[in-house]
Amino acid sequence: MARFIAEMPKAEFHVHLEGTLEAEMKFALARRNGLTLPYADVAAMRRSYVYHDLPSFLAIYYDGMKVLLQEEDFYDLAHAYLAKAASQNILYAEMFFDPQEHLKRGVPMEAVIGGITRARADAEKQFGIQSQLILCFVRDLSAESAMAALDAALPMKQHLVGVGLDSDEKGNPPAKFAAHFAKARAAGLKVTAHCDVNQENTLDHIRQAIVDLKVDRIDHGGNILQSPELIALAKRRDLFFTVCPTFSGRVKSEGQPIDVVRGMLDQGLNVTINSDDPAYMGSEYLNEVLVRAQAQSALTQQELVRIERNAFNAAWISEERRKHFLGKLDSFARTWDVEI
Ligand SMILES: [Zn+2]
């Protein structure tokens, strides 16, 4: 099964570039930028990665990205992720980034988008991996700060494919960003939003993301399994879900906890599997996450192929490119005698 997963052509949609910032690179960037980190070494830094909920994770995550200051830092970050992804047979990735956090430290938007864009072009030439970029609004910062980031990015919108919404959901419902999403859609960008699992008012947030933000995808979204009405709405809209089993694999329910991947598959929802913030989750990238998800949710080879088919169908790419990727997946399935 591990070999099957490793060899399968894959796509990834829910990966935060800042969440791929490995401890080794933090030390290297800190050295380059003349910063001192409060850890003796890489091992000590990794030992500090202890979290019990979303806010405790985010505190470490935002602290970690302070070493990203120059255009070349963003280049190195994106290039390292894309090299790793290509080595795992990921043919295509759409990557999140959180520009507000960088603007706050005085890094210009041009350096952030410029560095990542240069890395995307080089990685495609070097490794054949194709990718696009999704600007995420940091939902626990002000609506004004999010609008300023969007306005700073729109002149470079040719380097973006869409906008998303991430960070601490508590008290920050999707509706807070309705104007931002409308503006992004009017500019021709695609839209997606995090609905983290087991959050306050989660079903209402899922509904707002679908109805008010008019999303094409929901990142996480596992609690939808508690609402037959929302499941029906998601199916009518043909929505895709980017589930990250490491962080959001289980929904707390009154009875037994619900296995999100299994539940979505059984409900006929378009589920995809993604790595989220691999550097902060034991350096488990997509292959490792899929191996874990396969065991956790007892996925068959046929279901794994179905999940990757969903992934290529979720991609914000031309139909011609989609056909090309799906053809590769089909021929892989035939090689392994998996019925498609
Ligand atoms: Zn996420």
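Just so it is clear, glycine is given a Cβ too, placed from its N, Cα and C backbone atoms.
What TrEMBL says about a protein is an automatic prediction, not a curated fact.
In TrEMBL this protein carries:
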DOMAIN    9-330  domain 'Adenosine deaminase'
BINDING   H14, H16, H194, D276  Zn(2+) binding site
SITE      H220  site 'Important for catalytic activity'
BINDING   D277  substrate binding site
Recorded positions whose CB lies under 6 angstroms from ligand 1, from H220, D276, D277: D276
Close in space, distant in sequence - D276 (Zn(2+) binding site), Cβ under 8 Å, 6 or more apart: H14, V15, H16, G19, C244, T246, F247, S248
PLDDT averaged over the residues of the domain 'Adenosine deaminase' (9-330): 96
Rounded distance in angstrom between the Cα atoms of D277 (substrate binding site) and H220 (site 'Important for catalytic activity'): 13
Any further residue of that chain within 8 Å (Cβ to the Cβ centroid of H14, H16, H194, D276) of the recorded Zn(2+) site: V15, G19, F96, D166, D219, H220, T242, C244, N274, D277
H14 (Zn(2+) binding site): tally of other CB atoms within 10 A of its CB: 31
Chain-internal residues near H194 (Zn(2+) binding site), provided their CB is under 8 angstroms and they sit 6+ positions away: R139, G164, L165, D166, S167, E169, I218, D219, H220
Local backbone state of H194 (Zn(2+) binding site), from DSSP in three classes: strand
Surrounding CB atoms that lie within 10 Å of the CB of H220 (site 'Important for catalytic activity'), all protein chains: 29
Binding-site residues (H16, D277), the one with most neighbouring Cβ atoms at 10 Å: H16
